[in-house]
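Visitor: So TrEMBL has the following annotated:
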type     : residues : note
TRANSMEM : 24-47    : transmembrane segment
TRANSMEM : 53-72    : transmembrane segment
TRANSMEM : 126-145  : transmembrane segment
DOMAIN   : 132-210  : domain 'Potassium channel'
TRANSMEM : 160-179  : transmembrane segment
TRANSMEM : 191-210  : transmembrane segment
REGION   : 265-291  : region 'Disordered'
Amino acid sequence: MAFEQLSTITDGSRYHGYRERTDGVMAALAFIFLVAWSARIIGFVTFSAHVRVVLETVQILIWMVFLADLIIRTVLSEKSWRYIWTHPLDVIAVLLPAARPLKILSVFAQGGSILSSRGRMKTMQAVVLSTVLLLWIGSVWVLSAEREVPDSAINTFGDAVWWAFVTVTTVGYGDYAPVSVTGRIVAGGMMLLGIALIGVVTASVAAWFVSVTAGEDDDKREAEEADRDRHALEVAERRQTEMLTRIQTLEAKIDVLLAHGETPEAILGKKPRGSSREGAPSAGADEGPGQ
């Protein structure tokens, strides 16, 4: 009995149900973590020690939830240890605090085909959200690493945002550059992700334009086909009406002729049977006296 229960738990049948119920919750917790983490770093100078402790406590509690979620998903998956290798975002979210807000993207992994219009829209939303998250996380992270470094030029959140933007877009003006080891590691990661993200954004925008253009062409083609079908139907109905009118007129004329004693043969222009034989003797009789 115990073996059957263990098999039921670990055969992966409950994993998908658990994921559907918890992905939204984990995304919400990731957003709360992003707010608490950003507020603690950006407002480090202005916030009191008590507020900073509260924000850090919130971060620790959310980390514990993330760790428990990773353990549960690993146990419920069909191949427990393989889950860790195939879901690096969940593992990184536990090991690296700055990566936990990326769990927000998990809501875009549920349902929908990327080949459908809804799937294309969902992909565009995921790309935009990924870009915003990358800029925000990079800004907060490099500010945390560079603010207390004496020779660093990145001392405010505005400086960090500007640096993150020019780094992700691979422009690199050079007016702001990290000098700490952590800051340079963050910069290298953002450069690599920025190059990849630019390609994804370009492809997504191109696919969106193609889908919009194709959709307009399809709508135009469908409208033209509908107009042709409607015109053909109108012509057929008009011809049917004309045919019925002619039939009714012809029937009325036939009724009038029949009412005046005309036979159907006379109406149709046919001679009665035997009329040719009766006419021949009369012609011969007329010729006899003349001879």
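Just so you know, glycine gets a Cβ as well, placed from its N, Cα and C.
Unlike curated records, TrEMBL annotations are generated automatically.
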Visitor: With an 8 Å cut-off on Cβ pairs and a sequence gap of 6 or more, do the transmembrane segment (24-47) and the transmembrane segment (191-210) reach 3 or more such pairs?
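Guide: Contact criterion not met.
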Visitor: Take the transmembrane segment (53-72) and find every residue of the same chain, 6 or more past its ends, with a Cβ under 8 Å from one of its Cβ atoms.
Guide: 18, 22, 26, 29-30, 32-33, 36-37, 39-40, 47, 90-91, 93-94, 97, 100, 103
